[in-house]
Amino acid sequence: MRIIGVDPGYGILGYGILEKNKNKISHVTHGVITTEKDVPMYKRLGYIYDRFVELLEEYSPDACAIESLFFYKNVKTAIHVGEARGVILLASSQRNIPLYEFTPYQVKNNVTGYGRADKKQVQKMVKMLLNLNDIPKPDDAADALAVAWCLAVEIKA
């Protein structure tokens with residue numbers, strides 16, 4: 001089973017792809033989709049959509065895992081992140097890819113065993129769990145791999 005994990009954002013959207021074969025979970029790839037600040041929001045969302053669809057077509061995931069929105073102090077940021085999430089939900093839905101949402105607490109708990117772990121702890125565990133040479137960069141990609149890991153350990157495949 002191939003899983004794409006997403007750390008939603010509109011400036012930087014992280015993705016991570018894992019393969020689960022019985023009880024073995026392995027790293028396929030990871031990266032980010034970035035947009036420029038001076039580009040209108042509707043064009044940024046269109047760009048995110050197009051790049052994400054390319055990932056879906058290239059890697060053919062069986063499931064998509066995405067981090068749910070958590071509390072944002074800045075309402076405008078929350079709205080824009082929600083819009084970027086909507087683009088991911090739409091692209092997945094159009095291709096009949098099942099989508100699973102996880103809270104930041106669930107992701108941290110599944111990866112580290114502690115739901116209040118900090119970002120560095122999560123990144124170190126992602127490196128260790130996936131047997132990578134280095135912590136995935138940028139942070140958004142590491143977070144996306146953590147989201148994918150969360151689904152990989154919870155789903156029966």
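Backbone N, Cα and C atoms are what each Cβ position is placed from, and that goes for glycine too.
The active site feature in Swiss-Prot is assigned to D7, E67, D140. Taken from Swiss-Prot, the feature Mg(2+) 1 binding site covers D7, D140. Annotation source Swiss-Prot lists Mg(2+) 2 binding site at E67, citing sequence analysis.
Swiss-Prot feature annotations superimposed on the structure.
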residue: D7; record: active site; Cβ within 10 Å: 25
residue: E67; record: active site; Cβ within 10 Å: 24
residue: D140; record: Mg(2+) 1 binding site; Cβ within 10 Å: 24
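Here D140 (Mg(2+) 1 binding site) is positioned 6 angstrom away from D7 (active site), judged by their C-alpha atoms.
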